[in-house]
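Asker: Mind having a look at this structure? Questions to follow.
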């Protein structure tokens, strides 16, 4: 049926004869549909040009929101934190791939080098304060979201996906180091790397000599000269042998550790500050000793341990007898056993970081202070003696470029997808790299369009879809790019300070301003969160900064690199199994074979290979589809491609809920058009039916749905047609036109005609193509007009574009130069003798897409591997389309 049959019948301004003429033969109706007057009359009848300046716009309809309406996010207190597998691509990835799949092609090597490792060096990076690390997306659940986001980051760190910043030049992580990380290695499994031992020895000797000075100074004043000579010998370039220097270093270390056991715990923090100052070469040791003693005589204590005299005296007596932990009054907040062990002391930087974190520990400060009221956090902290460590150290420590104590993007949590609200997903806002004058121009890669999917996957095969678990986190990132991928948490103290009313005084390092965060809401929330996180609540309350070790999802570079990675894998699979079809889009991989048994054999082989390479497949999401594949929201089988039922139901629901004769703001039109566009290629009129909506969006005006236009859209979207696969055939029908006439040439006849009035050349060419399709039924036409070749009909008059899309549905075009077009003379009113037609063979459109690589034959020289006997006859291997 004609798409405008019912619509023209319902328009009263069109007479009966005019309607019959518009619905009549195409050679008479198509030029009339291109007329400007008819299009204006139909637009007026459909109320598409109603002025809406004096009417109040509607900003929400159904679940679609427009201008001035904010959609509140929903926070789920019972979100499940995802558990990430130990994702680690093998260090010998290229060698293993060659062992399994034979020598890699040039394209495969080029793509894999882009992602192993990934590099990202923008021209400019803006750093934000740590306070913006966790975004307040849920005002009613601020504290809950804060701890959930911090827990998510620590989960990623424990899985080896994030680096933990120790200082501005050091990073630590868990897992196996990659080959490029070995070059910057400082520590691995608690042992110093060879390249770092010498520098660590020098720093330890300098630090130990400073503590030795304190011992000699208090024994005898005359020993001051001896210690100064010893310190001079440490810094001078002595000409002694290596054995003597090693003996001196061991002796200093034994004296250092022996004296350390007798130093009170409260005096450790000043000694660490003295150690950092002693590392400078140009300082006088006598001044340093005097400064140390003066600070000690003043009764210097850290702010977290300022308590009553009885508690202080009791704790000091106990720390003189035990150098491992505070027994009763001091819980082991930061693993003080490891910090005070000989291995922990010699690590200079690491021990100082632990002590610095313990000094700024909010939990420790509340433990020692008196409660300020009923809802003071002291009651929660003092209920448990051992709250666990303040921070963690990873298995590996590496050097890094200068990493500031800032972040480059904020984070927040959302539902994993619209259909799964029980699990959470991390959203990282790295949008600064896509904005401003210094924005990064991301590499472009083509996404397969609908016709390409139909040409490649519309076959009668057995289908299987695979899902790569945490696909982005498979791609490692170079450590040099870490300063651009920084996320973190400001800590509970700073985060809660911003929420309190008296947060104008930000000097939170003083005891008197510590209790201003105590409130009934925070107290009750922490009690509830303790049931979820337990002792980990203390760890999550500390500030930290992390950098991505694997590829984050919030950067425009990530989709491109993931597409290169998966396309290289599918290229190798197709090359080794030419009787199968492998295709990938981002993290979704599909396999196709002619029989279920053969598909099972290929699947088991690929799973074992991917697991050995370190690629984790989500077994729960592996689906066997049979002959009907569900992929990218489409249903694909031998007949063609159709949208899935859930998308059709969504479109129908939204259209039925649209109010009539009420102006909708253009933001609602934008979102509605995005939903309708997904199903538009399967309707009779395609995208051209939405042209009135596009015009309202472009002019930033409201749009009014009339009952006629709404019912017409419902009828269009109620009848969907599949997008069929294109066939490779030889062109046998050609069309051409002039502003006043048209011509058609086939293998056996020449046809020509004239228009009643002059038309634009592009419009005339489109009408000629429509006439050729109607009269010959050919699915392949030759034309010399680039506008018709593009298939984009939205630039033509609205009525003509809708009807032309209906007539030319499923039609392909071949370009023929005007000089070689056999329909050129008939379009000018000349009918010469028939000549042989130019030989133009049409090839189905696959475009240049990065997700599909042409696979050359496998080299014969490759290692012996398991032979998979195919049930398909391989004498003439079947090549997928």
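FYI, residue positions are counted from 1 along the chain as it appears here.
From the backbone N, Cα and C atoms, a Cβ is placed for every residue, glycine too.
The region 'Disordered' annotation in Swiss-Prot covers 263-351. As annotated by Swiss-Prot, compositional bias 'Polar residues' applies to 270-279, 287-314. Annotation comment: Swiss-Prot describes 326-340 as compositional bias 'Basic and acidic residues'. As annotated by Swiss-Prot, region 'Polymerase/reverse transcriptase domain (RT)' applies to 385-726, with the evidence given as sequence analysis. Residues annotated as Mg(2+) binding site in Swiss-Prot: 467, 587, 588.
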Asker: When DSSP states are folded down to helix, strand and coil, where does residue 588 (Mg(2+) binding site) land?
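Answerer: Note: residue 588 (Mg(2+) binding site) is in a strand by DSSP.
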Asker: For residue 587 (Mg(2+) binding site), what residues in its own chain, 6 or more apart in sequence, show a Cβ-Cβ distance under 8 Å?
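Answerer: Those within reach of residue 587 (Mg(2+) binding site), by Cβ under 8 Å and sequence separation of 6 or more, are 467, 468, 471, 472, 562, 566.
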Asker: Taking the Cβ of residue 467 (Mg(2+) binding site) as centre, how many other Cβ atoms lie within 10 Å?
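Answerer: Residue 467 (Mg(2+) binding site) is surrounded by 15 other Cβ atoms within 10 Å.
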Asker: With an 8 Å cut-off on Cβ-Cβ distance and a minimum sequence separation of at least 6, pull the same-chain contacts of residue 588 (Mg(2+) binding site), or say none.
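Answerer: Long-range Cβ contacts: 465, 466, 467, 631, 632.
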Asker: Give the helix, strand or coil assignment DSSP yields for residue 467 (Mg(2+) binding site).
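Answerer: In the DSSP reduction, residue 467 (Mg(2+) binding site) maps to strand.
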Asker: Neighbours of the Mg(2+) site 467, 587, 588: Cβ within 8 Å of the Cβ centroid, same chain, sequence order.
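Answerer: What remains near the Cβ centre is 465, 466, 468, 471, 585, 586, 589, 618, 621.
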